[in-house]
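Listed in Swiss-Prot for this protein:
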type: BINDING; residues: Cys32, Cys35, Cys51, Cys54; note: Zn(2+) binding site
type: DOMAIN; residues: 28-289; note: domain 'CoA carboxyltransferase N-terminal'
type: ZN_FING; residues: 32-54; note: zinc finger
Amino acid sequence: MLRDLFVKKKKYAAIPSEQVRKDVPDGVMTKCPKCKKIMYTKELLKNLKVCVNCGYHHPMNAWERLDSILDEGSFREYDKEMVSLNPLEFPDYEEKLESDRKKTDLNEAVVTGEGTIDDMLVVVAVMDSRFRMGSMGSVVGEKIARAVEKAYDLQVPFIIFTASGGARMQEGILSLMQMAKTSVALKKHSNAGGLFISVMTHPTTGGVSASFASLGDYNLAEPGALIGFAGRRVIEQTVREKLPEDFQTAEFLLEHGQLDAVVHRDDMRESLRKILEVHQGGEMAVWQS
């Protein structure tokens, strides 16, 4: 009896059985990659996928983003049926595209269309990093260019939410050409007095950051978003210097004058509404033929 009182405590934790793990369905809980807090996924979704503990902005898919900024039921999609081919016959590219279509229920890495924010009509494009890491191929570039042209025709503002790893390597020079095509479309829109708001989310890199993402009349970003062209390691090896810890973050770019504002997701719709309201009937709304 007395001997039982002095038995050494076990120094290990019991690992739950496979059956116990199966009792918690997939998707019920989400772990924050920043603070490691585990929370109910429903709670996270209710908070616009912003961690309730540390404020980390989890990635949003295209439909979640549209729901968070547009008036309910106002969105009308453009060019839904456009799909990428494999013009360079890159190995396994078609299989990867098909896999992403099934996984995301999207045909490509961007969703474009029109909708309203507080009854103000806008054309909007939202990139979805779940599809080929949001990379820009021929179809992504074409859909964005068409959306800008639609904004030009309707004489309404164009808003884009970027989330991309850059140009799509499987399409080579055809992918790089989209940088010029989208930029030219935006120049035409701008010359006519059209308003363009670019919102950079995590991550916005490569050819996307070096083209249309940085051309906004207003360049906004979400907190903590990674924004840059080349990767940190490549830059450090090139300049042979250690870069600041916050290098290529939205906050770093704001401090160095490359962004107009870093906007919390809770405030994004209201911030866009205010910008649109300021330009209603103003100089930017005077269109030139």
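Glycine too: its Cβ is placed from the backbone N, Cα and C atoms.
According to DSSP, the zinc finger (32-54) comprises 6 helix, 4 strand, 13 coil. Cβ neighbour count for Cys35 (Zn(2+) binding site): 12 (other Cβ atoms within 10 Å of its Cβ, all protein chains included). When Cβ atoms from all protein chains are considered, those within 10 Å of Cys51 (Zn(2+) binding site) total 20, not counting its own. Confidence for the zinc finger (32-54), expressed as mean pLDDT, is 95. Between the binding-site residues Cys32, Cys54, the minimum number of other C-beta atoms within 10 Å of a residue's C-beta occurs at Cys54. Neighbours of the Zn(2+) site: apart from Cys32, Cys35, Cys51, Cys54, residues of the same chain with C-beta atoms within 8 angstroms of the site's C-beta centroid are Pro33, Lys34, Lys36, Lys37, Val52, Asn53, Gly55, Tyr56.
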